[in-house]
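Structure, as structure tokens:
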Amino acid sequence: MTSIIGGTLPYKSPEKAIASSSYSPENDSSPVDAVIFAGTSLVLGTACRHLFNGTRVPYTVVLLVIGIVLGSLEYGTNHNLGKLGHGIRIWNDINPDLLLAVFLPALLFESSFSMDVHQIKRCIGQMVLLAGPGVLISTFCLGALIKLTFPYNWDWKTSFLLGGLLGATDPVAVVALLKELGASKKMTTLIDGESLMNDGVSVVVFQLFFKMVMGHNSDWGSIIKFLVQNSFGAVGIGLAFGFASVFWLKFIFNDTVVQITVTLSASYFAYYTAQEWAGVSGILTVMILGMFFAAFARTAFKGDSHQSLHHFWEMAAYIANTLVFILSGVIIAEGILSGRAISYKGNSWGFLFLLYLYVQLSRCVVVGVLYPLLCRFGYGLDWKESIILTWSGLRGAVSLSLALSVKQSSGNSYLSSDTGTRFLFLTGGIVFLTLVVNGSTTQLLLHLLRMDTLTATKKRILEYTKFEMMKTALKAFANLGDDEELGSADWPTVIRHISSLKDLEGRQVNPPNGYEAGSLDPTNIMDIRIRFLNGVQAAYWEMLDDGRITQCTANVLMQSVDEALDLVSTSSLSDWRGLEPHVHFPNYYKFLQSKMIPRKLVTHLIVERLESACCISSAFLCAHRIARQQLHEFLGNSNIASTVINESEGEGEEAKQVLEDVRNSFPQVLSVLKTRQVTHYVLNHLNGYIKNLEKVGLLEGKEVSHLQDVVQVPICRFFVLVF
């Protein structure tokens, strides 16, 4: 297997091969023991997730500590963990590049695919700054400090090699932490995207300095060629796999298994093609692929398929995270215990803590130097967010794998064995310290900066929702509280068993009372506009599932909502503004309507644009009508609800005018559009009817397959015609 650092690595390092040979024969080790370690890790991970749920201790930190304990017990004793110990050694002896190839594609694709495309577009400038100049600044700061203060007599290239290895945040660690802590969407997108991008860039920088250390040519021409080839090559391969996969998905109808398999195989094949065949960054390739899917394929998954895809990748990421962090702890423990001559020296631990301070200092320098530019791009950056951005620079499995690669490649005239062992010791220590110190205190820091508090409006909505929960519970009790077989139930006892309802009984909370004339402040209105637009977007998803709008139309509509969400604090509802270019007709359309050109030819030339405009306008009106109804039911006739509803009705006037113009000029277009919508809706309804008959037991498997085939054929033909 081709190494991520450019050379062919053995399956085991010489040290590990000796260690393995010393215990395998007498302890009867078997390759199947690897399954024991994987199963034990998942059981321990599940137990920790359950026990530490709701605490301030991040799940990933607990996993790392468990891995260190297991590694210490196995490598610090005379093989006292038995079969589990055999499994630990088997996993620990796996080539680090194989570990990256197994775990990274799933983790990176899940993270990039789940990111908000609109927010990526807004934050892309900040991400590029932190991933480009930011990685270089961090690498050179760390390399210079290591060269000038560490007593290891390393040359500049070796110092910069360690600086590049530690210069970027690790997406595996950062993504897991942010999802667990529930950071704001803007901060999550920025830190998540930055960690994905700069990890790919840092691997490229690491490869560059590794080649220099190993004696390769290092003139400026070869350096620039290497960087350009890795960066643009990764982007090209990611886009190529994205186009091919999305094109394939267009021909898959209501087959969730095949759709999920396409995404899974595309992520792994893209990583392998980039990393092993083309010799470019596999991390950047998978990141580009995931973002491409998020931008152009999200609407290809509808209804149950969308939920199934989400649950599959969430589960895959959970399993990969659990194994990666426990294995990282094992590697750290083994690295410290195997390099006892180094780790047992007191000054080695002192320099480890000094390096941790250097890592934090370099991160401060990066954010501080780039802060004026970060404030001008995207959503901007305030001082509180800059502190979180600085403190969330975690290191994880990728850095450990690169350090393992260095250790396995050491023991020659370019890199001594002591240098390789020190790399692993220092990197393992930094991974542990950033995860334990930074990771476990990030939530506390968010609290101290008051970035996790609810606004007065959200608190009011939360209180009212709790009151509505009580009303819903009463309705459920009325439906199920008495029946012929079991008799009646006791409501006070029900209340005692449902703790969330104990404090609500007898209370009356009415949010309109908090939104009367005196409460029309910008914060309240902004919050209700956001909720209203979220309802509009949810209505668009419902229409897509029902087949009333196409994927292309859904993408346009949802993008308009994303753009309007950015403006809720400064202007009224404005999602129609993003739709105007798609519904207004060019001036030459008026010429086509003149009597000089045959009517049938005109209709043929402009029918596609007219259908798209009508579909967008009708979906806009329908979604706003649904959202207005929901808002009225939730807030009643309050002033703030009336304000937002009036804004929505004002936006709908232009959409109505578009439909009226088409109805007067080309009435047959509306008829064709409605016919298509009804056709697809009926076919979908029939498909659901067949599934329901199977669910209640009135149809068997073979009968269901036959009927579904009958319905699927016209659906497939319909999709080919539409798309």
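Each Cβ is built from the backbone N, Cα and C atoms, and glycine gets one as well.
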Of the residue ranges 386-404, 538-556, 595-613, the one that TrEMBL records as transmembrane segment: 386-404
Contact between the transmembrane segment (277-297) and the transmembrane segment (349-374) (3 or more Cβ pairs under 8 Å, separation 6+): no
Distant-in-sequence neighbours of the transmembrane segment (349-374), which means Cβ under 8 A and at least six residues beyond its ends: 126, 129-130, 133-134, 137-138, 141-142, 145-146, 149-151, 166-167, 343, 380-381, 386, 389-390, 393, 395, 425-426, 429-430, 433-434, 437
The transmembrane segment (34-52) touching the transmembrane segment (424-449) per 3+ Cβ pairs under 8 Å rule: no
Distant-in-sequence neighbours of the transmembrane segment (127-146), which means Cβ under 8 A and at least six residues beyond its ends: 120, 154, 156, 159-164, 166-168, 190, 193-194, 197-198, 200-202, 205, 355, 358-359, 361-363, 365-366, 369-370, 373-374, 377
Residue numbers, six or more beyond the limits of the transmembrane segment (318-337), whose CB comes under 8 Å of its CB atoms: 38, 41-42, 44-45, 60, 63-72, 74-76, 88, 91-92, 99, 103, 106-107, 172-173, 176, 343, 396-397, 400, 403-404, 407, 421, 424-425, 428-429, 431-432
Contact check, the transmembrane segment (98-115) vs the transmembrane segment (34-52), 3+ Cβ pairs under 8 Å, seq sep 6+: no
Distant-in-sequence neighbours of the transmembrane segment (386-404), which means Cβ under 8 A and at least six residues beyond its ends: 4-5, 96-97, 99-100, 103-104, 165-166, 169-174, 177-178, 183, 187, 190-191, 194, 199, 203, 206, 283, 324-325, 327-328, 331-332, 335, 359-360, 363-364, 367, 371, 374, 423-424, 426-428, 430-431, 434-435, 438-439, 441-442, 445-446, 449, 451
